Amino acid sequence: MMHSSSVRRMITVKWSLCLIFCLTNSILVSAKHLCLPDQKDSLWGFKNEFNVPSPHSYAMTEKWRNNTDCCSWDGVSCDPKTGVVVELDLQYSHLNGPLRSNSSLFRLQHLQKLVLGSNHLSGILPDSIGNLKRLKVLVLVNCNLFGKIPSSLGNLSYLTHLDLSYNDFTSEGPDSMGNLNRLTDMLLKLSSVTWIDLGDNQLKGMLPSNMSSLSKLEAFDISGNSFSGTIPSSLFMIPSLILLHLGRNDFSGPFEIGNISSPSNLQLLNIGRNNFNPDIVDLSIFSPLLSLGYLDVSGINLKISSTVSLPSPIEYLGLLSCNISEFPKFLRNQTSLEYLDISANQIEGQVPEWLWSLPELRYVNISHNSFNGFEGPADVIQGGRELLVLDISSNIFQDPFPLLPVVSMNYLFSSNNRFSGEIPKTICELDNLRILVLSNNNFSGSIPRCFENLHLYVLHLRNNNLSGIFPEEAISHHLQSFDVGHNLFSGELPKSLINCSDIEFLNVEDNRINDTFPSWLELLPNLQILVLRSNEFYGPIFSPGDSLSFSRLRIFDISENRFTGVLPSDYFVGWSVMSSVVDIDGRIIQYTVTGIDRDFYHKSVALINKGLKMELVGSGFTIYKTIDVSGNRLEGDIPESIGLLKEVIVLSMSNNAFTGHIPPSLSNLSNLQSLDLSQNRLSGSIPGELGKLTFLEWMNFSHNRLEGPIPETTQIQTQDSSSFTENPGLCGAPLLKKCGGEEEATKQEQDEDKEEEDQVFSWIAAAIGYVPGVVCGLTIGHILVSHKRDWFMRIVSFFT
């Protein structure tokens with residue numbers, strides 16, 4: 001785990017509070033056969049309103065039986081005296097479908113606790129929710145709900161806990177400010193509420209100035225929205241408030257806490273990533289918050305005086321991107337500090353030696369500054385005996401590489417520095433190391449064989465000068481992400497990767513690996529990204545008689561190698577994820593590493609999209625589905641099964657020796673944005689069906705043997721002519737070459753124009769011969785106005 005128990009308690013305080021609220025309001029099931037018939041009917045009707053993908057062991061409603069006591073059903077609790085349902089907790093139950101306004105749920109009038117979190121309700125939250133007048137706890141987190149938050153929630157006078165986070169609720173409408181006012185008015189009516197979480201929605205507007213009227217409020221989270229205006233100082237006047245999370249909004253300055261008359265109980269405050277700039281906030285403004293243990297002011301221009309002090313129990317401090325130019329000296333006295341993030345500032349020089357003597361320090365992120373070394377001896381960091389996470393990436397550190405705490409270190413990030421020489425063998429002594437990122441340095445030599453002692457989940461050595469054969473024994477079977485791209489590795493791809501059943505990301509691009517296609521990788525059930533680009537792989541990319549099936553692959557890049565052979569027509573049949581939005585288990589694919597925040601380390605892949613090289617990072621991995629086999633020696637027909645991959649966004653098969661026709665099945669790729677079939681030997685015509693691909697922005701058919709007219713569709717006609725050049729038989733726009741039918745029609749039209757021209761010219765000549773000059777002038781003027789032809793203008797200029 002990343003933090004000690006005290007920091008974990010601080011970071012997860014809102015979840016702890018949530019548990020307390022839920023347990024406080026919980027009523028245990030007692031005697032059997034207490035369920036009233038109308039209650040059972042309402043529950044059974046509610047169950048039947050939703051679809052549940054089968055089979056799902058976590059779907060509680062699938063275990064309900066109509067011939068049993070409903071008070072014994074999973075997720076249901078009844079009042080032991082009356083038999084009415086008072087609690088319904090069906091979170092993570094795979095319920096699919098809208099929550100209807102006439103749902104049987106709303107007949108459960110005695111319901112006090114309703115938890116439907118992490119289901120796929122997908123619709124609006126109906127006003128009928130306000131009919132559950134006795135409701136104390138309402139949790140609809142992550143339910144795919146959207147639209148306005150119903151004002152009827154203000155009728156729930158007993159409500160103490162409201163969690164609508166991670167949905168798509170908005171303040172939009174004909175009167176968005178009016179909608180927001182109704183929302184805030186509704187919140188202010190909840191006089192008993194102790195917990196409000198509206199985080200990660202799409203709400204906007206300003207908070208009311210009289211927030212202190214929520215006198216019992218203990219937790220208020222509206223992070224990840226678009227609220228604006230100033231943060232009302234009345235929030236800090238609520239003596240019961242423990243958690244206040246306003247981060248990732250559009251709040252602006254000035255920021256004031258106000259005069260706090262009674263001791264503050266606030267323990268967690270996050271106002272980071274707002275729009276206070278260019279306003280400067282003095283860090284000392286937080287000094288009166290004596291109970292504060294978690295403070296995140298990331299993204300705010302801070303003034304940190306030499307005499308500033310924060311409450312001594314501060315354990316979590318987020319100072320990311322605060323325009324700090326000097327290492328904050330007040331941290332020296334923060335003996336309880338466990339989590340420190342001062343990344344993305346403007347700090348230069350050496351990291352102070354005293355930092356590593358803070359006894360509780362677990363997480364340090366000093367990345368994206370201009371540090372060039374460490375004060376003290378080579379083993380200075382080993383003074384931080386409890387250090388779990390160290391991020392020193394994107395600085396100008398150079399040799400020697402620091403010695404690290406042997407026992408505690410879990411995650412090490414040191415990319416984008418100036419370290420050189422061999423990778424230090426002292427890293428092999430870090431028994432608990434799980435993530436190692438040394439990308440974008442100048443390391444050279446081979447991989448230390450002692451890596452076999454490590455149990456890594458993530459190994460990124462990208463863009464160094466490492467060489468030699470990658471040792472088989474250095475591959476941890478725990479690996480989930482492996483990136484050694486842009487080095488000088490040679491030999492074969494390590495076969496020990498076959499033992500990495502959890503691997504999702506595999507990138508060996510731009511090395512000198514000389515091997516046949518690793519078809520055995522299809523046995524890795526979680527592989528999503530495979531990049532073999534720019535190596536010396538050779539031979540066919542399939543084995544005769546075997547069907548290749550990369551069921552979860554979303555990025556397949558084997559370009560710029562020496563692969564050969566013909567692809568069978570069914571080559572892409574087993575590529576399930578590229579054929580569908582969901583994977584074979586019906587789950588949305590997301591790139592994750594078990595137990596690891598995926599934002600902790602940088603993953604990147606260089607892709608060719610629309611003819612340009614781009615770097616794919618972050619969320620791009622969950623969006624892009626790409627196939628690139630360009631720059632090889634593949635031949636024969638393009639497999640017809642390519643049409644099954646309807647989710648593919650980028651498809652490049654250029655610079656091969658493909659023959660035959662362009663398969664019409666390509667028109668099934670409804671999400672395709674970029675198509676490159678250039679530099680092959682394709683013949684026949686360009687299928688007109690491709691013009692129906694509304695997202696297709698870029699295509700290249702050049703340097704083939706295509707013929708016939710270019711389809712006259714908007715998607716194709718808007719392409720540059722270079723996308724069709726070097727196809728001798730192609731004709732029509734955007735090429736200058738006219739098609740045969742067009743040339744014949746044009747010639748006939750020109751002949752008709754010439755005949756008409758000759759007739760009119762004969763008439764003019766006769767008129768000139770018989771009519772005096774004045775009449776001739778009038779006649780010419782009349783014809784000029786009537787016909788306005790270019791040739792006639794030339795004749796007029798001749799006579800004048």
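Using N, Cα and C of the backbone, Cβ positions are placed for all residues, glycine too.
What Swiss-Prot says about this protein:
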CARBOHYD  N66  N-linked glycosylation site
CARBOHYD  N155  N-linked glycosylation site
CARBOHYD  N210  N-linked glycosylation site
REPEAT    240-262  repeat 'LRR 6'
CARBOHYD  N259  N-linked glycosylation site
REPEAT    312-334  repeat 'LRR 9'
CARBOHYD  N323  N-linked glycosylation site
REPEAT    335-358  repeat 'LRR 10'
CARBOHYD  N365  N-linked glycosylation site
REPEAT    385-406  repeat 'LRR 12'
REPEAT    407-430  repeat 'LRR 13'
CARBOHYD  N442  N-linked glycosylation site
CARBOHYD  N465  N-linked glycosylation site
CARBOHYD  N499  N-linked glycosylation site
CARBOHYD  N514  N-linked glycosylation site
CARBOHYD  N668  N-linked glycosylation site
REPEAT    670-693  repeat 'LRR 22'
REPEAT    695-718  repeat 'LRR 23'
CARBOHYD  N700  N-linked glycosylation site
TOPO_DOM  781-800  topological domain 'Cytoplasmic'
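Swiss-Prot feature annotations superimposed on the structure.
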residue	record	Cβ neighbours (10 Å)
N66	N-linked glycosylation site	11
N155	N-linked glycosylation site	18
N210	N-linked glycosylation site	12
N259	N-linked glycosylation site	9
N323	N-linked glycosylation site	16
N365	N-linked glycosylation site	21
N465	N-linked glycosylation site	13
N514	N-linked glycosylation site	15
N668	N-linked glycosylation site	18
N700	N-linked glycosylation site	22
Tell me the Cα distance separating N323 (N-linked glycosylation site) from N514 (N-linked glycosylation site), rounded to the nearest angstrom.
48
Hey, how far is N465 (N-linked glycosylation site) from N700 (N-linked glycosylation site), Cα to Cα, in Å?
35
Near N499 (N-linked glycosylation site), how many other Cβ atoms are within 10 Å of its Cβ?
15
Glycosylation sites near N323 (N-linked glycosylation site) (Cα-Cα within 10 Å), from N155, N210, N365, N442, N499:
none
Could you put numbers on the helix, strand and coil content of the repeat 'LRR 22' (670-693), residue by residue per DSSP?
5 helix, 5 strand, 14 coil
Mean pLDDT for the repeat 'LRR 23' (695-718), rounded to an integer?
92
Count the Cβ atoms, other than its own, that fall within 10 Å of the Cβ of N442 (N-linked glycosylation site), considering every protein chain shown.
14
So what's near the repeat 'LRR 10' (335-358) in sequence-distant terms, Cβ-Cβ under 8 Å and 6+ beyond its ends?
3-4, 6-7, 11, 293, 298, 312-328, 364-376, 380-384, 387, 391
Near N259 (N-linked glycosylation site) in space, meaning Cα within 10 angstroms, which of the glycosylation sites do we find among N66, N155, N365?
none
Determine how many residues of the repeat 'LRR 9' (312-334) DSSP places in helix, in strand and in coil.
5 helix, 3 strand, 15 coil
For N155 (N-linked glycosylation site), the one of N210, N365, N442, N499, N700 that lies nearest, given that the glycosylation sites are compared by Cα:
N210
Which of the glycosylation sites N210, N442, N668, N700 has its Cα closest in space to the Cα of N499 (N-linked glycosylation site)?
N442
To the nearest whole angstrom, what is the C-alpha distance linking N210 (N-linked glycosylation site) and N365 (N-linked glycosylation site)?
38
Looking at the glycosylation sites N365, N442, N668, N700, whose Cα is closest in space to that of N66 (N-linked glycosylation site)?
N668
Could you measure between N700 (N-linked glycosylation site) and N365 (N-linked glycosylation site) for me? Cα positions, answer in whole angstrom.
45
Could you state the whole-number distance in Å separating the C-alpha atoms of N668 (N-linked glycosylation site) and N442 (N-linked glycosylation site)?
46
To the nearest whole angstrom, state the Cα distance for the pair N365 (N-linked glycosylation site) and N442 (N-linked glycosylation site).
22
